[in-house]
Structure formats: structure tokens, C-alpha cells
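Participant: Handing you a structure now.
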Amino acid sequence: MLEDHVRRDNSMDLDLVLLTFVESSQERVDDLGSAAGDGRQVESMLQLPQDPNLFDSHGYRPLGRASFSGHIETVRLLLQAGADKDLAFNQGNDDGATALMAASYTGHVEVVRLLLQVGSDKELTTSINKFTALMMASDPGHVEVVRLLLEAGANMNCQDILGLTALMRASHEGRLDVGRVMLEAGADKDLADNSTTTALMYASWKGHVEVVRLLLEAGADKDLVTRMVPYSGDTALILPSREAHVQVVHLLLGAAADTNLRNDNGATALIEASWQGHVEVVRLLLDAGADTDLADSRGNTALIKALLQGHVEVVRTLLEAGADKYATPNSGRPDWMLASASRAERPPPEDGDPGTLYAAPKQRAARGDNGASARSAVSGSPVHLEVPLGETRKVEELLADDRFLDSLAGKLANRLGGLGLQAYPGVGRNTLWEFLQLHGVPADFIKVCQSLHDHTTFIVGVQEG
């Protein structure tokens, strides 16, 4: 083709001759596709002329393969030979992906620049997931490609089939530079996806500290609620509290995130952190004023959740913060609840006796060959049974003693210097036994507790002495 500045010296007419594409075998189409993907010479193949828009046997078009691999000269030749810049280049699960999307995803800046210069449509989406070129560049963190697309006017708030924007995808993956460019360009920081999850929630959930900082500095709303399964009702604070992302929790608390918001299960950030045993997160939340005694939809407080899992340090921290040691699931004080911890309501230990175990009925469980029958729960006021801690009766004898087996909850007094503890059956046992042993509880008593855990429903109550 003659350049505009070239003058003709004669008056002969020039005819534009349009050559039709020759019919190509699948083998020839495959050869062109392979050459385009490898960056090999394609010019001779195109001069046949061969149609550059045919799919090879793998379901790809040459322009897409060359763009994906970053072979800019091959891309240029294919465009000159008539390759359609906006045709879907593949026939796979993401059919509808264009050459621009392919180059954006792989981060080939110059190929993206060329495709934008020739007018590639930057708003096209894949036919299934509805991904745009901007989303495909944001996900892996190709910040220069993102910048090019934004400068070309790409819609920064476009949402895929799940409602995710490029900013959300970058936040989920921890792409700080992409997030910064997107926010500087004016991306909506509080836009939510189909599950009402925002960019801040994704970054907080995944523990991307600097992305969280960036979004908070941009003024992202920290108290919005997600409906993402299985975290429905969680906030940007609850999500990292459950995952032990300490620095993220610290940032959110510094931004005055509400510590007492509840998710759909009624759990607060403190309850979730306590359940998981994240003592550093628990301390941060307590320092920020989290309510220690709020209960979830089943009546479980943070203390009860920690006890259920045997998280001793969390229990200690909550009690030191003033958590209600008498709180029980489903609220109230059922008939099996242990007596008050005040000294006035307990008989003093005898001389030489390290303490007294008080047992009250809770609920019987069926027992096998240990000589005790299964019975229903005892109603009314509990009848207390005293068993001196120093007593050395064998575990087998205790298990055969109906009076002892009828007492399915216990209270250990005068031993643990202000700590309170409940141990529920079957969970966190090893940690509990170690805790008791550390505080000087006699080994015989611990053996009894361990055995009872294997045979019945049992609660050990530890109260201040």
C-alpha cells in the first residue's frame, strides 16, 4: 500500500484488488495457529491468502494465541491480514474472550496498547462469566495494563456474573497497586457484588493488610454486611476476626469499626475469635470495648464458645476482662447450674483438704456395663454431693457409685485463684486437663473427670477461691 506522501509520476490508474481467502485445510489452519502462538513466521501463510479468523483444532483463533503469548509483530501482521480484533478467540468455558482480554490477562502491555490503538472494544465480556479486559488485568495484578485500559475509558465499575468489579477482584487477590490505580480513577469503593460483599470485605477476609489500609483511607464503609455463604451477616471486622488476621483487625478497630455487630447466627467478632481460639484478636477486640457478654442465637457467649473448644488462654483473657462466668447457653440458670461462687455459700474446706468438689445433676446419658442405669434429667433444686479432692478412691469405684454418677456436674473450689471454667463433654478435653494440672488439681480428680467424660455428660465448674 502506498504511503500518503508518495506521489505518482504517471497517470496510470491503480486498481484495488481484493483477494479472496483460499480454502484452507484444518492442517493448514492448525499450522497458522501454532505459528501465531509460538511467534514464528506467519507472513508467508497469510499471503496465500489464508483466513486468519478460523479456529484451529484446539478451538483457538491465531490473533488470540499471538495476543496471549505477547508476540506483537505477529499480532500486527494478523491485524493487517484482516484478523477481526473483536472476535472471540476461543471456544472453551470462557468463550467470548477477545484478543484484548487475552493480552490483558497475561499482562502484555504493548499488545494491549496496539489493540486499543486499532479500536478493540474494551467493554466486551466473556459470554459465560461476563469478564471484561479490565477484570482480567486486575485479577493477576497487571497494573500497567489496568492503567492503559482506564485511560482508554474502560468502565471501572462493570460487574461480572457474580457482581464482582475489577476493584473487588484486585482486593480479593491483594493487588495493592491495581487497587490504588482503580481508586484514583474513581472506582466505587462500596459497590457490592451479588452476595453484598464489598472490596473491603474481600481484602479483610483474605488478610491483605495494605489493601485494607488503602480502602479505609479512601473512606470505604467498614460496617456493611455480606450475604456470602457461609458467612452471611459478617462484617469486614467479623471476617478477619474469625481468620486471625490480627493486623487487619487492628486497622479496622483503628477506623472505629463496630465491635458488636452480629452476623446471621448472632455472633459478634469477639464470639467468632473466641470460638477459633485467636487470643490476640480477642485482646484487640476487648481493648476496643467489645461486649464480653453478648450471646449468639443459641445463647452462647464468647466465654462459652471458648470453653466449648478448650481455648484456655482465651478463657483466661475473657474472665480477666470481666466476662460473666455464669452465662449459660439459651440463657437462664437451669437446675443443673452450680451454686454461687461466693465463699458465704460454700462450706470451708477441712484442714488438710485441698478443696471440695460439689456435684449437681445435669442430664444422664446411657451407660453401658459400669453398673449405673440411664435415667432422665433431675428437676428441681440440685442435691449437692461432697467428694474430697484428696480422696484416692479408684476411678472404677467412682463410676460404679450411683450417688456420684447421679451428680453430673461439678464444682471445684479454692484452687484456681479467681478463674472460672466450664468444660463441656467431648471437646477440648486435653487442653482442659492440662489447665487443671497446671493449677495444682490432684491427678486422681483429673482421672475421674477424664473417665466421666467418656461415660456421661459432665460439667466441671471452676470458681474463684
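Cβ from N, Cα, C; glycine included.
Please treat TrEMBL annotations as automatic predictions, because they have not gone through curation.
For reference, TrEMBL lists these features for the protein:
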- 341-379: region 'Disordered' (REGION)
- 58-90: repeat 'ANK' (REPEAT)
- 95-127: repeat 'ANK' (REPEAT)
- 129-161: repeat 'ANK' (REPEAT)
- 162-194: repeat 'ANK' (REPEAT)
- 195-227: repeat 'ANK' (REPEAT)
- 232-264: repeat 'ANK' (REPEAT)
- 265-297: repeat 'ANK' (REPEAT)
- 298-330: repeat 'ANK' (REPEAT)
Participant: Kindly state the mean pLDDT of the repeat 'ANK' (95-127) in the predicted structure.
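Facilitator: Average per-residue pLDDT within the repeat 'ANK' (95-127): 95.
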Participant: Looking only at residues six or more beyond either end of the repeat 'ANK' (129-161), which have a C-beta under 8 A from one in the stretch?
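Facilitator: Apart from its flanks, the repeat 'ANK' (129-161) reaches 94, 97-98, 100-101, 103-109, 112-113, 116, 122-123, 167, 169-170, 173, 175, 177-178, 181-182, 185-188, 191, 193.
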Participant: In the same chain, who gets a Cβ under 8 Å from the repeat 'ANK' (95-127) while lying at least 6 residues past its ends?
Facilitator: 63-64, 66-72, 75-76, 79, 83, 85-89, 133-134, 136-137, 139-140, 142, 144-145, 148-149, 152-155, 158, 160
Participant: May I ask for the residues of the chain that lie six or more residues beyond the repeat 'ANK' (265-297) and have a Cβ under 8 Å from a Cβ within it?
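Facilitator: For the repeat 'ANK' (265-297), the nonlocal Cβ contacts are 233, 235, 237-238, 240-242, 244, 246, 249-250, 253, 259, 303-306, 308-309, 311, 313-314, 317-318, 321-324, 327, 331.
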Participant: Take the repeat 'ANK' (232-264) and count its residues per DSSP category (helix H/G/I, strand E/B, coil), listing them in that order.
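Facilitator: Summed over the repeat 'ANK' (232-264), the classes give 15 helix, 0 strand, 18 coil.
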Participant: With Cβ-Cβ distances below 8 Å as the criterion, list the same-chain residues six or more beyond the ends of the repeat 'ANK' (162-194) that contact it, or say none.
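Facilitator: Answer is 129, 132, 134-135, 137-143, 146-147, 150, 156, 200, 202-203, 206, 208, 210-211, 214-215, 218-221, 224.
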Participant: Count the residues of the repeat 'ANK' (95-127) that DSSP assigns to helix (H, G, I), to strand (E, B) and to coil, and report the three numbers in that order.
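Facilitator: Once the DSSP states are binned, the repeat 'ANK' (95-127) shows 17 helix, 0 strand, 16 coil.
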Participant: Could you give the residue numbers and ranges of same-chain residues that sit at least 6 residues beyond the repeat 'ANK' (195-227) on either side and whose C-beta is under 8 angstroms from one of its C-beta atoms?
Facilitator: 162-163, 165, 167-168, 170-176, 179-180, 183, 189, 233-237, 239-240, 243, 245, 247-248, 251-252, 255-258, 261, 263
